[in-house]
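In what follows, a single structure is set out as structure tokens and then discussed.
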Amino acid sequence: MLKGDLKWKIPLIIVCVLFCAWYLAVNSINLGLDLQGGLHLVLKVETDTVIVNELVQVKDYLSREFKKQRIPFDAMSVEADGILKITAASAEELQKISEYVAEEFPRFEKKGILGSGTVLNLSMKAKEVESWKETAIQQALRTIRNRIDEFGVSEPMIQRQGKSRIIVELPGVKDLQRAIDLLGKTAELRFQLVKDIAATQEELLKRHDGKVPSGYTILLSAPDANSSGRQGAYLVEKEARVTGADLQDARVSKDELNMPAVSFEFNHDGARTFGKLTEENIGTPLAIVLDGTVQSAPTIQSRITSRGQITGNFTSEEATDLAIVLRAGALPAPVKILENISVGPSLGEDSIAAGKNAIMLGGLFVIIFMLLYYKVSGLIADLALLFNFLFIMGVLAYFRATLTLPGLAGIALTVGMAVDANVLIYERIKEELRKGKTLRSAVEKGFSRAHLTILDANLTTLIAAIVLFQFGTGPVKGFAVTLSIGIFSTLFTALILSKVIFDLVLQSGTVKRLSI
């Protein structure tokens, strides 16, 4: 008949053992980048580009509005340092421009009036700049996460670092270059009407008196563009009536020549806009532009609403990746790869083998030491140690946590901490036995007096682990996670499981002398 707290402790232990054993059987533990190989990238989002692009949009808008309202100006340009420069013929005209901009664009501020009062420099206010950059980073994080999810990587790590950097870890990725291309591609899709086409940019400029007409820009075709047989230079409208933001879906398909292509479908607003665009421009070539390069420029034959197709000598893999980035959305700004570390699977296997050997050898030496020094009581400590390991792995499996090489180090450290707790208890028991206490009394006193010391030691270690998890990066977090789980498991096995085993042995009445 079970007495006292054994009535709830034994069922609790059984539940914990079954729980951990079950999840170890049904859930595999995910291995981190350093154990199974993969890719580690540090990306920098070029947020300054977002500001420049916004200034270009404002410049184009002001140019149109000034012409509509007959506000004269000589020139308007966007400088690389984020300055919108407006030149007027006189100081009076510049004053009108300044008043108009102040009313229509309160988020801008004057940086100075130069050139005898005829040149106005404008820039976005500091708070606006920070807001735009922050939005760009958040959008980049979402887009990268969506692309990785579509790519099918198990347990990726995507984390912001500082103001403009993003850390990406892709464990288990085999085709490293494909993954890099997938993440680094801006994937800005635009549909722009074509005014003229030539074999070269020089020929195109010659047709238009050596300069690009207002409201237009020149784009070059992809090296292998073949959908309409047109290659070379395209004079297209600068403004895109429809963009990738209007897409609802994109899938791999086949073109008329049975080559890989990407079919897309517009959302409701995009379908309406595209239908109007194609209806009003039948007979006009429409350039499908991806990241500033013309993929194809078919001639509009009829009104098109919801669907279209992008062709361009794609391989099956390229078409798949293009569909992925179009579904995930365009990056708000280009990204630059600052750090690219690839870990081969063979190195990961070596790390696993080294980690296993370290844990097994460390555990074996501890087990032997406890048996030799504490005899039968050491056997109880060794049994608790095995359960400790089971609990750690079971909890990792339950949370689908990722096990890294530092995580293995955390498990190895837990082995030492678990034994240390048992050593404290056993030394207290030995002290009580030397005082002439009975066996049951010595065990009770030993556990109760070591209790606070063990809690204190593990609590301080837990605080350190929490700090490491909060402020550390991937590998450090892996160490902190396994260490934290190990601390709770150690407290459970040392203070509850070991005590239950001692109580069961003492309640049996067969033990008169403790081997310790």
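Just so you know, glycine gets a Cβ as well, placed from its N, Cα and C.
Annotations in TrEMBL come from automatic prediction, not curation.
Annotated features in TrEMBL:
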- 137-196: domain 'Protein translocase subunit SecDF P1' (DOMAIN)
- 231-333: domain 'SecDF P1 head subdomain' (DOMAIN)
- 337-499: domain 'Protein export membrane protein SecD/SecF C-terminal' (DOMAIN)
- 12-33: transmembrane segment (TRANSMEM)
- 358-376: transmembrane segment (TRANSMEM)
- 383-401: transmembrane segment (TRANSMEM)
- 407-429: transmembrane segment (TRANSMEM)
- 450-471: transmembrane segment (TRANSMEM)
- 483-506: transmembrane segment (TRANSMEM)
Top Cβ-contact partner of the transmembrane segment (12-33) among 358-376, 383-401, 407-429, 450-471, 483-506 (pairs under 8 Å): 383-401
Within the predicted model, mean pLDDT of the domain 'SecDF P1 head subdomain' (231-333): 86
Residue counts (helix, strand, coil, in that order) that DSSP gives for the domain 'SecDF P1 head subdomain' (231-333): 29 helix, 37 strand, 37 coil
Composition by DSSP (helix, strand, coil) of residues within the domain 'Protein translocase subunit SecDF P1' (137-196): 24 helix, 20 strand, 16 coil
